[in-house]
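Trainee: I am attaching a structure below and will ask some questions about it afterwards.
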């Protein structure tokens, strides 16, 4: 059984796929968002034990989300190639929501790390004598603007998790799960796109092959007509030169068949008979083969 024969129409799998895209996965994403809010709250308040528990619970949700996406991916792989565009439209909103939720979750820790780097850099700068002063550009003190921006960042950035806390280790595990989830969502999108590109490539090759076959068929038909037209003339010329029964034999020899009539006229007649016989054979052969659709017919359809 070929791969295409194992595929099914989207309408047969649509209810199961929509159950994932509209119910199961959105529910997981909503649960993940609640974990994110709790994690931000516990980390900001420095409640490390609660933060550790929330990291573990969030990790379970991420694993469940990954499992559900894989199950949906199995269904997507069964969809017939003709329905891949509709399938892509169906799963794209879910894919974008999952990618955005994962990126937003990872951004929590990223902002904390960036803020920590800024704090270390500022502390190093304070240890050195100040060599520059704030300058004024268009009436705005750049030093004051940078200080205001830094204080605003400190308000929203989360405090660093102490390395001696279990929450630090549980976050690393959760972060790895989130990154794997992000890769899974990306791979699923690439899988559907690659299937469509593969189909488009096959279609292009089929169209090119059809053009080549069509042109080759025309050339063969022309060559066959030229060959058939030459048979009576060649038979007449050779039959006229040789004459008699041998001339007739020579006339048939040109056509590829021997018979016994006689003379130059009979040589022409022998070639003519073979021409008709070969013409009938060619018509019978071409009529038994299916017509190749031309490129103009495809465009019109």
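The backbone N, Cα and C atoms fix where each Cβ goes, glycine too.
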Trainee: According to Swiss-Prot, which residue among 156, 226 is annotated as phosphotyrosine?
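Mentor: My reading of Swiss-Prot gives 156.
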Trainee: Give the range, chosen from 191-211, 254-274, that Swiss-Prot lists as transmembrane segment.
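Mentor: It is 254-274 that Swiss-Prot annotates as transmembrane segment.
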